[in-house]
Every structure is written in C-alpha cells, then in structure tokens.
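To start, the structure under review is shown below, and the notes come after it.
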Amino acid sequence: MNKLRQSFRRKKDVYVPEASRPHQWQTDEEGVRTGKCSFPVKYLGHVEVDESRGMHICEDAVKRLKAERKFFKGFFGKTGKKAVKAVLWVSADGLRVVDEKTKDLIVDQTIEKVSFCAPDRNFDRAFSYICRDGTTRRWICHCFMAVKDTGERLSHAVGCAFAACLERKQKREKECGVTATFDASRTTFTREGSFRVTTATEQAEREEIMKQLQDAKKAETDKTVVGPSVAPGNTAPSPSSPTSPTPDGTASSEMNNPHAIPRRHAPIEQLARQGSFRGFPALSQKMSPFKRQLSLRINELPSTMQRKTDFPIKNTVPEVEGEAESISSLCSQITSAFSTPSEDPFSSAPMTKPVTLVAPQSPVLQANGTDSASHVLTAKPANTALAHVAMPVRETNPWAHVPDAANKEIAAIHPGTEWGQSSGAASPGLFQAGHRRTPSEADRWLEEVSKSVRAQQPQVSAAPLQPVLQPPPPAAIAPPAPPFQGHAFLTSQPVPVGVVPPLQPAFVPTQSYPVANGMPYPASNVPVVGITPSQMVANVFGTAGHPQTTHPHQSPSLAKQQTFPQYETSSATTSPFFKPPAQHLNGSAAFNGVDNGGLASGNRHAEVPPGTCPVDPFEAQWAALESKSKQRTNPSPTNPFSSDLQKTFEIEL
C-alpha cells in the first residue's frame with residue numbers, strides 16, 4: 001500500500017548543489033552583461049536594518065517578513081498579506097523588480113548603492129540584499145523568494161552585476177585618465193586628468209606616447225647603470241605628437257608612477273591670452289570704461305580717442321612750437337594771471353603789488369622833430385629814485401637772480417640819457433617770456449612799414465643801460481601813479497619826493513628791438529602815438545620836415561576828473577575806492593609816474609636837447625591826452641569791456 005500510495009505522490013527533483021551547475025552560472029553571467037538576465041520571484045518586502053553587511057542581518061530580515069505574513073494570514077484568514085509575484089531583472093546598471101501582472105516597477109536599485117547580498121541558510125529559495133536608501137540615508141534590506149531557482153543562483157547573478165559594474169567603472173577611469181591621490185593627514189585629495197571621453201584617434205596617440213615614455217625610461221635606466229645618473233629632463237628627446245607635447249615634468253612623474261596617464265597639453269599658440277575685440281587698442285589701456293569709478297564723458301571714450309589719434313585734424317595755421325615750459329614759467333604765468341593790472345577799471349582799490357621797472361612794449365618815437373607826449377612833459381630833474389610802474393610780473397622765472405645792489409637806484413639821470421632805450425631793450429624779453437606766436441596781420445603790416453622807414457630814415461643807435469628789475473627801497477615804493485592829478489594846467493601843492501615818481505628825460509632816441517615774430521624793428525622818427533595806420537603811412541611817405549600836430553580824443557575820465565588812485569597826502573582828489581582806468585599794455589607810450597604836481601612844482605617847459613625846436617606846452621598836453629585816450633580805447637587783456645569807452649573833446653583856455 002505504501003508503494004501504491006507513493007506512486008501517486010509527486011516525485012521530488014533530485015537536488016543538485018549550485019556548485020555542480022556551473023553551466024547555468026555562465027549563462028547568468030552573459031545575461032547580466034547583456035541585460036537579459038531575469039528570475040521569477042516572490043517579493044516579500046523590505047525592512048530597515050542596523051548594519052550594512054552580514055548574512056545574519058539578511059536572515060533576520062527574512063524571518064521578520066515571513067512572520068508578519070503568517071500573522072496577517074492567520075488573523076484575517078485568506079485576506080492576509082501575500083507576497084507579490086514579480087520578475088527580478090539583474091544587469092550591470094542595477095536591480096529592477098517588476099510586477100508580474102500589472103508590469104509596474106516596484107523596485108529600481110542601482111548597483112552602486114548595494115552594499116551586500118547573500119542567500120539564506122535557512123531557506124534555500126530565499127535571497128536578500130542590503131542597500132542605502134537615497135532619500136532617508138538608511139540601510140534597507142529587500143527580501144525575495146525564488147520560484148524556480150535557488151537563492152544561491154540569484155546571489156551569484158547579483159555578484160556578476162557587481163563585477164560588470166566595477167569593470168565598466170575602471171574602463172571609464174582608464175579612458176578619461178583621472179587619478180586621485182588622497183592625503184589622510186590633511187583630508188584632501190588631488191585629482192589628475194579629465195573625465196572627457198577620448199576618441200579612437202586620441203587613444204592611439206596616448207598609447208604611442210606611453211610607448212615613447214617607456215622607451216625613454218628604459219634608456220634612462222640603461223644610462224644610470226652604465227654611467228653616472230643624469231637628470232630625467234636631459235634624456236634623449238622623444239618625438240611627440242604636435243597636439244600632445246610631453247614636458248619634462250610629465251616624464252619625471254612617469255618615473256614615479258608608471259601607471260599614471262599623462263595629461264594632454266594644448267600648444268603654446270592656444271595658451272596665449274587673446275582679447276575679444278582688438279579694434280581699439282585704447283581699451284586695454286588705462287582709459288578702459290570698465291576700469292573707471294566716475295562717469296565717462298563722450299570725449300573720453302576709447303573709441304573717440306582712437307579716432308582722434310588715427311585721424312588728427314590738420315591745422316591750417318602753422319604754429320612754431322615753443323620749448324617745454326618749466327615749473328618756474330608755469331608759476332610766473334599763474335602769478336601774472338592772478339595779479340590784476342592797475343589799468344583795469346573793473347579791478348578793486350589799488351594795492352601794493354610786486355612791480356617791475358618796465359617800459360612800454362613799443363618804443364617811444366620822435367615825431368618829425370617833436371618829442372612824444374611822455375618826453376615833452378618832463379619837468380623834474382631826475383635825481384630821485386625811480387618809482388616802479390605796477391604791471392603784471394612777466395619774467396620767465398620769478399625766482400631768478402636780480403641785479404646787484406648797485407642798480408637799486410638810478411641817480412642823476414641827465415636829460416640826454418637814453419632811459420627809454422634801456423627800457424625798450426628790456427621789453428622784448430618780457431614780451432617773449434611765454435612763447436613764440438604766429439605773426440598777425442598787424443605784425444606783417446608793421447614789418448612792411450618798418451622796411452619802408454628803414455629805407456628812408458637813418459637808424460639811430462645808442463648803448464642801452466642796464467634795466468632795473470629789482471624793487472626800490474621801501475621809502476621809494478609808490479602805488480600805481482596816474483599821468484595827471486586834478487585838472488589840467490592847474491597848480492597843485494608840491495608832493496614829497498618819495499611819493500611823486502620822477503619823470504622821464506626830455507628826448508630819448510630809441511634803438512631797434514625785435515618784434516614778437518623775431519623781426520627787428522628799427523627806431524624811426526615817425527609819430528605812432530594816437531594816429532591811425534593810414535596816417536602813419538602818410539607820414540612815412542610824406543614830407544618829413546613839417547612838424548605834425550595830432551588831434552586826439554580825450555577820455556571823459558581824463559577830462560572831467562583826472563584823478564587816479566595814489567596814496568599821497570597832498571592830493572585832495574585822491575579816492576582809494578576809485579577804480580583805476582584801463583591802460584593798454586602794448587601801447588606806444590606810457591607816463592611812468594608823470595603827474596600834474598610835477599608840472600606845477602617843476603619846470604613848466606620841457607628840456608629840449610639841442611637840434612630840436614621848443615614845443616608848446618598845450619600841444620604837449622594835447623598829445624599826452626591823445627596818447628592816454630589811445631591807450632584807453634584799445635581793449636585790455638584783462639577787461640573785455642574796456643573798448644566801450646566814449647571819446648570827447650575838451651579844450652581849456
């Protein structure tokens with residue numbers, strides 16, 4: 001009966017251990033590499049575990065999951081928790097569990113996150129693995145029950161997936177040439193190489209370089225054995241590809257680590273820094289708009305500056321470039337700019353300024369035997385200290401050496417001395433202190449007139465005196481003095497000698513001097529005071545034997561109140577708040593301190609040198625007023641409104 005009973009029972013398969021079935025394992029390994037290895041399983045579930053590895057951890061997890069399934073089955077009957085029938089796919093990328101009925105993806109696990117896998121020793125078909133959960137960072141154990149196969153086969157398939165993943169990773173590292181050196185003491189690492197995937201051509205070049213390095217290393221070892229050791233960089237130069245130069249440092253590093261893969265270096269031409277746009281070289285200089293902290297003006301743009309430098313504007317008027325100005329010349333320009341001339345009617349009350357004994361820019365000329373106004377009005381014997389005329393300081397260097405103490409005073413100047421000559425000689429240097437300028441039309445016309453005069457008149461020359469450029473003693477310092485005090489031809493009280501400046505000599509034949517354009521201007525006897533250029537031409541080409549009397553226009557300020565600021569106690573009409581009138585800096589005549597007090601207290605008539613006829617004082621006064629009016633009508637360099645003055649006549653009987 002037992003035999004009959006056993007004949008109806010299902011016979012069990014003969015158990016064959018997994019070790020005796022290598023042919024199945026080989027098929028599993030190929031299936032894992034191709035991604036076609038799958039096993040029908042029952043997914044028991046997953047539980048959290050305390051450790052990342054260990055067979056006993058996996059066995060405990062299987063027991064817990066089977067116990068929970070039995071508890072739910074016994075409590076709820078047939079509605080208990082059942083194992084899910086699924087298919088386990090094993091590949092080198094990861095483990096995937098797909099529901100057999102719904103084809104839903106239950107588990108998707110990467111191989112890199114799996115830390116341990118093992119079969120169960122209590123259940124032959126049981127299999128489990130431990131992985132790291134990516135979200136919660138906890139250790140999770142997933143358990144399966146194989147339907148047809150044993151747990152050992154599933155575990156072997158997962159092991160093959162581990163091996164395939166490791167081989168793939170090593171192949172990537174070998175291709176990209178990345179090596180990492182870890183420093184345990186400093187918790188740092190050094191990475192060498194690049195993760196960029198190389199092409200077949202680059203791989204061939206790399207193999208060629210490795211072969212050359214090995215040959216160089218072999219030659220180096222041979223030299224070391226035969227003779228004294230030499231530096232690794234001094235070995236025979238090995239040919240390398242143009243895109244992959246091999247420096248000596250790489251060769252020396254290969255000596256230490258033969259398994260290291262050399263890095264590919266770019267050629268020197270590609271390593272040179274290049275700008276984005278090189279149309280404007282000024283962008284790379286200091287004027288770059290990206291290096292500024294302030295707002296950029298349109299004229300300061302690099303592009304504008306580049307256009308200006310590339311296409312300079314041609315100047316139609318040729319100008320002679322002067323020599324580079326020194327610091328002293330700049331200081332003198334600043335001093336002359338801030339020192340207000342005494343002839344400016346818009347300046348404030350007169351005040352003591354640094355003065356210099358200068359003469360008018362144009363020489364005093366003789367008008368056909370008649371002296372000009374500034375010489376006719378000489379009435380005082382010139383035995384007192386000469387007062388300095390207040391004019392802007394025009395020396396090139398204000399700190400230059402001054403004449404010695406012997407020139408502090410000029411005493412006993414006789415009427416025949418040529419004081420105007422010395423001043424005329426000193427004036428061109430002062431005029432040319434700044435720079436040379438382009439000759440204007442007036443200069444060219446004056447040059448033509450001078451040529452004609454030179455052809456007709458003999459040139460009178462005299463030895464110039466040393467000009468006085470040093471201020472006088474404090475007792476003789478006087479403020480800017482006007483030509484006349486009070487009304488014309490009215491006697492006034494005598495003035496102290498230290499206050500009233502001396503007068504000029506009666507007649508001074510002037511010498512030739514250079515004009516601003518460098519042409520010499522000879523002295524002539526043609527009157528240039530208060531006449532128009534047409535009158536001067538008429539005088540030049542007319543008869544020279546007749547004395548001419550000009551009819552000047554008198555300024556209202558001269559006619560009505562010829563009072564100018566001067567600090568003296570004898571003049572009742574002096575007002576320190578009266579603004580001084582304009583005086584033409586480049587005028588033909590200056591009075592240099594001649595006042596009416598000199599006319600009253602001194603000689604009424606001018607001292608006339610021999611050879612000249614006496615001049616009527618009225619004509620002299622008229623010429624003086626004319627010259628002063630001529631000076632005032634010309635525009636002042638510091639006052640743009642000085643040419644708006646009116647001219648009137650006034651005749652006193």
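Note that Cβ sites are derived from N, Cα and C of the backbone, with glycine treated the same way.
So that you can see what the record holds, here are the features copied from Swiss-Prot:
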| type | residues | note |
| --- | --- | --- |
| COMPBIAS | 213-223 | compositional bias 'Basic and acidic residues' |
| COMPBIAS | 546-576 | compositional bias 'Polar residues' |
| COMPBIAS | 632-646 | compositional bias 'Polar residues' |
| DOMAIN | 33-193 | domain 'PID' |
| MOD_RES | THR102 | phosphothreonine |
| MOD_RES | SER194 | phosphoserine |
| MOD_RES | THR243 | phosphothreonine |
| MOD_RES | SER244 | phosphoserine |
| MOD_RES | SER276 | phosphoserine |
| MOD_RES | SER295 | phosphoserine |
| MOD_RES | SER427 | phosphoserine |
| MOD_RES | THR438 | phosphothreonine |
| MOD_RES | SER440 | phosphoserine |
| MOD_RES | SER636 | phosphoserine |
| REGION | 213-260 | region 'Disordered' |
| REGION | 542-590 | region 'Disordered' |
| REGION | 625-653 | region 'Disordered' |
Field: THR102 (phosphothreonine) and SER440 (phosphoserine), distance between Cα atoms, whole Å
entry: 108
Message: Going by DSSP assignments with H, G and I as helix and E and B as strand, what are the residue counts for the compositional bias 'Basic and acidic residues' (213-223)?
response: 11 helix, 0 strand, 0 coil
Statement: Cα-Cα, THR102 (phosphothreonine) versus THR438 (phosphothreonine), nearest Å, comes out at 105
